[in-house]
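Now, the feature entries from Swiss-Prot:
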DOMAIN    62-95  domain 'EF-hand 1'
DOMAIN    97-132  domain 'EF-hand 2'
BINDING   Asp110, Asn112, Asn114, Asp121  Ca(2+) 1 binding site
DOMAIN    139-174  domain 'EF-hand 3'
BINDING   Asp152, Asp154, Asp156, Met158, Glu163  Ca(2+) 2 binding site
Amino acid sequence: MGQCLRYQMHWEDLEEYQALTFLTRNEILCIHDTFLKLCPPGKYYKEATLTMDQVSSLPALRVNPFRDRICRVFSHKGMFSFEDVLGMASVFSEQACPSLKIEYAFRIYDFNENGFIDEEDLQRIILRLLNSDDMSEDLLMDLTNHVLSESDLDNDNMLSFSEFEHAMAKSPDFMNSFRIHFWGC
């Protein structure tokens with residue numbers, strides 16, 4: 001792995017990143033240091049990008065069953081700028097507000113990117129959460145139907161954003177489970 005040119009982050013940039021994210025100054029500096037170690041040689045960190053493979057290989061994401069979706073949602077055309085990485089870390093931080101976490105969870109779980117979490121999406125979510133590819137079709141349908149019966153308020157066999165938001169607002173574990181400590185900061 002290459003290294004960026006060792007430019008220190010400007011004080012003004014650090015203040016701006018703090019104002020625009022839910023990250024502390026130390027977390028931003030820690031992420032900056034990690035980014036510098038991963039980015040291509042000879043690039044200034046604001047001009048450098050990381051691939052989805054580089055980001056998904058970070059220890060905190062490597063074990064996440066949704067790492068491919070997380071990377072897809074937060075990257076731009078499969079590449080991560082430093083600001084993309086900061087945005088991702090901010091959403092998954094403990095300080096991020098519930099509405100922001102719910103918005104990004106919806107985007108991550110909308111596998112087919114049709115603006116809804118439909119039966120196909122729910123089945124993929126269930127299989128990934130249970131780490132199971134050999135679940136019986138009947139059990140998978142039962143679990144999918146149970147989720148829909150609890151959350152699909154208009155009975156159209158899919159969750160709109162507002163239905164998903166309503167369901168997550170009632171879930172006491174959501175805020176605790178939608179956190180990732182990427183950088184060991």
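Every residue number used here counts from 1 along the chain in the order it is shown.
The backbone N, Cα and C atoms fix where each Cβ goes, glycine too.
According to DSSP, Glu163 (Ca(2+) 2 binding site) is assigned to a helical segment. Taking the centroid of the Cβ atoms of Asp110, Asn112, Asn114, Asp121 as the Ca(2+) 1 site, the other same-chain residues with Cβ within 8 Å of it are Tyr109, Phe111, Glu113, Gly115, Phe116, Ile117, Asp118, Glu120.
Same-chain neighbours of the domain 'EF-hand 1' (62-95): 17, 21-23, 27-28, 31-32, 35, 45-46, 48-52, 54-56, 101, 104, 107-109, 111, 128-129, 131, 178-180, 182-183, counting only residues six or more beyond its ends whose CB sits under 8 Å from a CB of the stretch. Across the domain 'EF-hand 3' (139-174), the DSSP tally of helix, strand and coil residues reads 23 helix, 2 strand, 11 coil. Comparing CA positions across the binding-site residues Asp154, Asp156, Met158, the one lying closest to Asp121 (Ca(2+) 1 binding site) turns out to be Met158. For the pair Asn112 (Ca(2+) 1 binding site) and Asp152 (Ca(2+) 2 binding site), the Cα-Cα distance reads 18 Å. Asn114 (Ca(2+) 1 binding site) is 17 Å away from Asp154 (Ca(2+) 2 binding site) when you measure Cα to Cα. The two recorded residues Asn114 (Ca(2+) 1 binding site) and Glu163 (Ca(2+) 2 binding site) have their Cα atoms spaced 15 Å from each other. Helix, strand and coil content of the domain 'EF-hand 2' (97-132), in residues and according to DSSP, is 23 helix, 2 strand, 11 coil.
Shown in sequence order, Phe116, Ile117, Asp121 are the residues of the chain, 6+ apart in sequence, with a C-beta less than 8 angstroms from the C-beta of Asp110 (Ca(2+) 1 binding site). The record gives Asp152, Asp154, Asp156, Met158, Glu163 for Ca(2+) 2. Within 8 Å of the mean position of their Cβ atoms, the other Cβ atoms in that chain belong to Phe116, Leu148, Ser151, Leu153, Asn155, Asn157, Leu159, Ser160. Summarised as a single figure, the pLDDT of the domain 'EF-hand 1' (62-95) averages 96. In sequence order, Phe116, Ile117, Asp118, Glu119, Leu148, Asp152 are the residues near Met158 (Ca(2+) 2 binding site), counting only same-chain partners six or more apart with C-beta under 8 A. Scoring each of the binding-site residues (Asp121, Asp154) by how many neighbouring Cβ atoms lie within 10 Å, the top position goes to Asp121.
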